[in-house]
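J.: Quick paste of what TrEMBL says about this protein:
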- 317: active site, nucleophile (ACT_SITE)
- 761: active site, proton acceptor (ACT_SITE)
- 180, 183, 200, 213: Zn(2+) binding site (BINDING)
- 156-266: domain 'UBP-type' (DOMAIN)
- 308-799: domain 'USP' (DOMAIN)
- 617-658: domain 'UBA' (DOMAIN)
- 674-714: domain 'UBA' (DOMAIN)
């Protein structure tokens, strides 16, 4: 006790604003349930596992720790599992995790000799007792993240509900026997609350559902609200009301009144149809879901180094699946595991290592690749019976909480608990890792994923222009007309039409999907594209031009995105229901661009164009996100420029408003923007060159704070400039990147289940140690039949020449 009193000056009582970590070690995935428990620094409130707490003592000299240890209690074998009623985890009505209960014990530990004092104890100094009580009562920094849940946002009250006009047309809706007014459909029927029309819902991707008569009726009449018949019961809150102009399920506070207008007594109706949310839950068992997750296949569970699963934090499968493939590559494995120890990362970390990207990447790398946490876990119902052989069929996995906090700190969407686009996350991740390794190109793992694309444009004058850009992912459109099973598709559509006339639906076994070879997608990328109304600086007039693209360098790792998510007429997003036939080996050597050829003449600079110092550069993050939605890459650049790089939403709004502009394909160089000279001089006073200062201000839309951040993110921004004064781009654009042969082997792929990138589920498959492995959150096992034709993102590794 005297030893503890001698260190009281190193004990702090946490304040409400302090971040208190008590669920997980900040440099490993040890937690209170680990064998050694968790040690909480009573000065910094950081937590450490038993193997790492000494490192913190050596670095901080903080000697007093609260030790927290949790021991699992026995769970009754007959504890029932509840059927989920919500697409959610960890809340009432959601999926039951059947979590066991734990008994928690505490003690005070004094380093370096691990002197232990019991807690609670009246003999402890009051300051220590108050500090421990405050730590235990605090919410915990980890828990301040939103509770892991798949629950959709609460339905909002429709803006059209309170003043909805209803037509007195004599319609009285019977309590049963409904049928679509325009076809024979008797299921998936919607009652329009304005005119009382009963019409079928939207056609699903698999041919089921309705014939789109309800949505077509809205387009003709603009009557906004409809309720799904069969979901109306005495509990009106559970009725499925949809707002077409708001394009989402909504709440109608006056639903009882609106139903009574058409003679509907909701108190006597029984539920006969699934709501939209329930149908989404039901889709979890459809063909694609089962096939991608390989449900029903008895794959062997895998454990050990490189076979560690990631716990789903609540819609974090986009992160987990992407990281499993990325850390299967040599650059990331070397940078954050083999070449950097946890101790070295911690020693070089700032005061709070939980907010340091390098530390958290190293923690994740060691967690995934060391095998320390990839061990069989006992089934929850087998607790208390450790001899049962069923105890070694799965693993608990590691929760990437701290990594997610760091990686999402600068991105609003990734900081939420909503589902995200894995492609957008991959590009955001690569960008942050590149920034964190600025000035250390030799160890930057992202270089192995980068390549240069060159676009060649030739107008009717015969003159050409070449433009280069550096990418880390190649987005491929899917040419459905290149499907190899056209005859089967023809027969399927004939069958579907015949059944539709009879009011029948095709079964899952009868559905035929287009099969498009990956080679056709690659060929489509490099095929010539005609550009109409192109302004030619050689002719000083608009003409037709031809554009084609190719590689000027081949990366060590080629990442391909299949653009399955497209925007239909009316800007309605849709997922293409298509299979991509992907071979294990691809050769893209023929896709290399050769640059300016002898005899070719470059297009002159557009009249009135100025040098790069007065031309706004498009923010590549904005351009990439828009391009991934299916928009023309050049149009995306123009949208970003015309909105001063304000953001994706602003650029998209501009794009949608100017798609039909006659000058949409005019060269960007005609659009010049000035900058505030005083801001330029301010940046010059910071040590940056004038050309870079001007470019930064244009890239940031004139915001000097953003311009400073932009400059600080560039290696050697304050050193000699390597900018081309005529086009504002690095003269070495693409130079210095890895390059080699164009032959690649499939390393892994990320698949998506669901109708949108913002819902559903992601799963990863990786080729490891001579076999395919499935990573489905914390489930890791051999893949019996990897669904290579259903991937969303494919990772290829270059073959040695």
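Note that Cβ sites are derived from N, Cα and C of the backbone, with glycine treated the same way.
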J.: When you average the Cβ positions of 180, 183, 200, 213 for the Zn(2+) site, which other residues in that chain have a Cβ within 8 Å of that mean position?
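T.: Checked against the 8 Å cutoff, the neighbours are 181, 182, 184, 185, 189, 199, 210, 211, 214.
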J.: Hey, of the recorded positions listed (180, 317), which one tops the CB count within 10 A?
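T.: Selected residue: 317.
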J.: Run through the Cβ atoms and count how many others sit within 10 Å of the one on residue 213 (Zn(2+) binding site).
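T.: Result for residue 213 (Zn(2+) binding site): 22 neighbouring Cβ atoms inside 10 Å.
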J.: Could you state the CA-to-CA distance between residue 180 (Zn(2+) binding site) and the residue listed as 'active site, proton acceptor' to the nearest Å?
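T.: Here the two Cα atoms lie 33 Å apart.
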J.: Cβ atoms within 10 Å, counted per site: which of 183, 200 has the most, among these binding-site residues?
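T.: For the binding-site residues 183, 200, the Cβ with the most other Cβ atoms within 10 Å is 200.
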J.: Can you give me the average pLDDT across the domain 'UBA' (674-714), rounded to a whole number?
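T.: Across the domain 'UBA' (674-714), the average pLDDT comes out at 70.
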J.: Do you know offhand how many angstrom separate residue 213 (Zn(2+) binding site) and the residue listed as 'active site, proton acceptor' by C-alpha?
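T.: On Cα coordinates alone, these residues lie 30 Å apart.
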J.: Kindly report the helix/strand/coil residue split of the domain 'UBP-type' (156-266) according to DSSP, in that order.
T.: 19 helix, 21 strand, 71 coil
J.: Out of the recorded positions listed (183, 200, 761), which are within 10 Å of the residue listed as 'active site, nucleophile', Cα to Cα?
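T.: Near the residue listed as 'active site, nucleophile', where near means Cα within 10 Å, the recorded positions are 761.
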J.: When secondary structure is assigned with DSSP, how many helix, strand and coil residues does the domain 'UBA' (617-658) contain?
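T.: Taking the domain 'UBA' (617-658) as a whole: 30 helix, 0 strand, 12 coil.
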